[in-house]
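Student: Got a structure for you, questions after.
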Amino acid sequence: MFATVVAYIAFGCVMVAIAVTDVRTLQIANRSVLLLVGLWALWRIALGAEAAVGGFDFLLAVVEAAPLTNVSLAEGVLGAIILGGGLLVFTTIWEAFTKKAAMGGGDIKLLAAMGLFLGIAGGLAALAVACIVFAIVGMAKQKVPLTGKPYEVILSHSAAFAPALATGAWVSMAFLLAANL
């Protein structure tokens with residue numbers, strides 16, 4: 001259980017650092033996403049070590065659902081594939097129809113890394129929260145007359161999505177932990 005708490009605190013802190021970097025540069029470094037993947041791998045190994053100390057099977061603990069989150073190894077990997085792959089497909093289709101960039105590859109890789117920690121359901125919840133937060137912030141930042149076409153303004157400007165993803169991740173982590181206490 002200690003490994004899960006430490007892993008989620010580290011995950012949340014790295015998400016905040018990525019969000020700040022994305023706001024400043026509109027880029028998410030590959031090494032930041034790789035850091036999350038490394039943290040996830042260490043977390044899974046630490047779960048096995050915790051179990052081994054308690055007299056349980058190391059490999060079984062690595063694969064089974066983590067304490068406090070109920071996210072298993074398989075669900076984490078599937079979360080990464082489904083969330084990252086789903087966003088990649090959506091972005092590709094969006095860009096084909098609109099001829100404008102939907103989002104950067106860093107956001108897609110970041111969502112895949114989030115899927116490792118949060119699983120499919122937690123990752124989808126985080127993405128939903130992120131979209132709502134991003135839409136609210138985007139509308140608040142716009143200064144478009146009511147007679148104008150606001151969607152043109154939205155499509156013509158780049159914005160950092162990592163802060164919204166980080167917010168969604170924190171909300172999802174809170175619900176995962178609260179539901180399993």
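Quick reminder: no glycine exception, Cβ is built from N, Cα and C everywhere.
I grabbed these lines from TrEMBL:
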| type | residues | note |
| --- | --- | --- |
| DOMAIN | 10-138 | domain 'Prepilin type IV endopeptidase peptidase' |
| TRANSMEM | 6-26 | transmembrane segment |
| TRANSMEM | 33-56 | transmembrane segment |
| TRANSMEM | 76-98 | transmembrane segment |
| TRANSMEM | 110-140 | transmembrane segment |
| TRANSMEM | 160-179 | transmembrane segment |
Student: Taking all residues of the domain 'Prepilin type IV endopeptidase peptidase' (10-138) together, what is their mean pLDDT?
Tutor: 90
Student: Quick one: DSSP breakdown of the domain 'Prepilin type IV endopeptidase peptidase' (10-138) into helix, strand and coil?
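Tutor: Its residues divide into 106 helix, 0 strand, 23 coil.
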Student: Between the stretches 76-98, 110-140, 160-179, which one has more Cβ pairs under 8 Å with the transmembrane segment (6-26) than any other?
Tutor: 160-179
Student: Report, as numbers and ranges, every residue of the chain located at least six residues beyond the transmembrane segment (76-98) whose Cβ falls under 8 Å of a Cβ in that stretch; write 'none' if there are none.
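Tutor: Contacts with the transmembrane segment (76-98): 40, 44, 107-109, 111-120, 122-124, 127, 155.
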